Amino acid sequence: MTPALTPAEVTTNLLAALFLIPIVFGFVIKAPQLVALGFIGVLFSFSDSNWGQLTTETTIYSRGSGMFYFSLLNMVLLTAGFAVLLRRLTNPLAPHLAPPMTKYFAAFVFLIAGHVIVGLMEGIELNVILGNSGIFNIINMMVFMFLVIMAFDSEKDTRTLLWTIVVVAAIRGVFGAVRYFVFDGDTANPYRNFEGLNIKIFYFDISDNFVASLGAFCAAWLLTAPESKPSWFRRAILFGFLVLEIAAVALSFRRSSLIGLGLMFAFLFLRLPGKRKFLFAILAGALLAVVASVFFEHRLQFNNNQSLFSSLIYDITPERGIRDGRFYELYAAAQSMEGNWIFGRGTWGTFSGDYDRLSYHGSDFGFVHSGFGHVLLKSGIVGLLAFCGLLAAYIAFYLRNRRSLYGEARLLADAGFAGFLFWIPTLLVGTPIIEFRTMLLLGLTLAMPFIAVGVRNVQVRQALYGQNYAVA
């Protein structure tokens with residue numbers, strides 16, 4: 001729960017809103033790249049996790065939520081989204097922004113509008129209906145996706161985006177390394193603070209692990225791709241950066257992060273030509289062995305004395321079946337659906353079950369540990385089909401266009417799709433839908449292939465125009 005605001009905080013938030021929103025609107029109209037880069041800088045640099053801390057803190061993502069319907073940063077994002085729409089309407093000849101995704105955005109807008117109407121009729125407060133515990137972050141994700149696609153529409157912009165990702169990820173990695181090796185690591189440490197385990201972690205927030213994994217993928221791509229030929233000096237820097245980011249994920253002891261990173265590197269392995277796969281397999285195998293041994297020694301040893309794989313899934317697939325562990329949560333949520341399978345229990349809906357088995361929820365039963373399960377609970381089969389359709393359209397778009405990309409455009413598209421693969425474990429057994437930062441970073445990964453293909457299309461049009469001009 002957001003702490004009550006002091007009069008000074010109310011004044012500060014109000015002045016910030018009055019100052020920022022008009023400026024952001026103007027920048028999106030004239031220079032959207034600056035707004036998008038600002039968002040990416042914030043998302044890569046600031047954590048959004050209070051879970052695991054001994055005291056709850058107000059983060060940059062929640063500031064203003066005790067005063068407005070949305071946080072200040074969310075209001076800035078929605079303002080930017082409105083400016084994107086206005087700019088698009090005033091320039092109908094401009095290239096379409098991710099055409100396969102537009103219909104799914106419209107579907108979620110209508111779905112949430114319906115939930116607002118029904119919720120208000122039932123006496124539910126609007127801030128609860130539109131809160132982060134519902135599905136509004138899917139709208140935030142797509143608004144950010146459209147903003148990023150519109151902001152980066154040239155080859156120069158692609159290079160700017162790529163190196164922003166790499167540089168900010170490197171800075172964040174160095175910060176995390178200093179905090180881990182010199183101090184006590186991340187203060188959001190539930191293993192030490194709640195379970196009394198002697199574990200120091202690099203990052204707890206899954207989004208910080210994503211930033212590190214995305215940086216590691218970009219470094220590995222630049223080191224292994226045939227079209228990338230860095231100098232020995234740059235190669236050494238990239239390799240050091242790769243080791244740093246992999247260490248960040250390994251020393252964070254998050255299973256979903258480790259599996260996500262593995263999926264990213266398996267994808268890179270499949271994208272490499274035959275001659276490079278053998279060397280990459282040796283290097284990746286050695287790194288994986290080190291990561292797995294560290295992971296088992298420092299965290300999974302506390303779970304049981306079985307194999308690494310058994311320890312890895314100890315609370316996901318328990319011996320007593322679906323009525324225990326993580327599966328019980330989904331079972332209880334399904335039991336609570338009753339006659340609401342089509343449209344869900346509402347964005348404000350909750351579930352109920354055995355409080356002893358669900359003690360880790362505290363008193364908040366408005367979410368489940370599965371992105372897909374959460375969408376089903378809140379918006380039913382209709383919402384789940386729309387969400388799965390959105391992801392399927394993204395996958396189809398990438399697979400259809402990947403072979404026609406080259407150079408930095410190919411790196412951008414591959415990094416985006418690899419980032420999507422990273423999020424799959426979290427979408428299955430995590431809580432991404434209720435996390436503002438996580439969903440915006442997912443929106444970034446969805447945007448990256450569309451940016452790459454858009455840049456390619458611009459290059460093709462310029463080449464054709466040049467040929468026609470020469471003939472004339």
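Note: Cβ is positioned from N, Cα and C throughout, glycine not excepted.
Residues or ranges marked as domain 'O-antigen ligase-related' in TrEMBL: 241-388. Residues annotated as transmembrane segment in TrEMBL: 34-54, 66-85, 105-124, 130-149, 161-182, 202-225, 232-251, 278-296, 380-399, 411-430, 436-455.
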Worksheet item: Taking 34-54, 130-149, 232-251, 411-430 as candidates, which has the most Cβ pairs under 8 Å with the transmembrane segment (436-455)?
Response: 130-149
Practice prompt. Compare 161-182, 202-225, 232-251, 380-399 by their Cβ pairs under 8 Å to the transmembrane segment (130-149) and return the stretch that comes out on top.
Written response: 380-399
Worksheet item: Looking only at residues six or more beyond either end of the transmembrane segment (105-124), which have a C-beta under 8 A from one in the stretch?
Response: 130, 134-136, 138-139, 142, 146, 343, 346-348, 379, 382-383, 386
Discussion item. What residues elsewhere in the chain lie close to the transmembrane segment (161-182), defined as a C-beta under 8 angstroms and at least 6 residues from its ends?
Written reply: 37, 40-41, 44-45, 152, 200-203, 208, 211-212, 214-215, 218-219, 241, 244-245, 247-248, 251, 408, 411-412, 415, 448, 451
Worksheet item: So what's the average pLDDT for the domain 'O-antigen ligase-related' (241-388)?
Response: 79
Worksheet item: So which of 66-85, 202-225, 380-399, 411-430 is most in touch with the transmembrane segment (34-54), counting Cβ pairs under 8 Å?
Response: 202-225
Worksheet item: Same chain, outside the transmembrane segment (202-225) by at least 6, Cβ under 8 Å from its Cβ: which residues?
Response: 43-44, 47-49, 51-52, 162, 165-166, 168-170, 172-173, 176-177, 180, 185-186, 188-190, 235, 238-239, 241-242, 245-252, 254, 256-257, 260-261, 264-265, 268, 272, 276, 279-280, 410-411, 414-415, 418-419, 422-423, 426, 430, 432, 435, 437-438, 441, 445
Worksheet entry | Tertiary contacts of the transmembrane segment (232-251), as residues 6+ beyond its ends and Cβ separation under 8 Å | 166, 169-170, 173-174, 176-177, 180, 200-203, 208-209, 212-213, 215-216, 219-220, 222-223, 257-258, 261, 287, 290-291, 294-295, 298
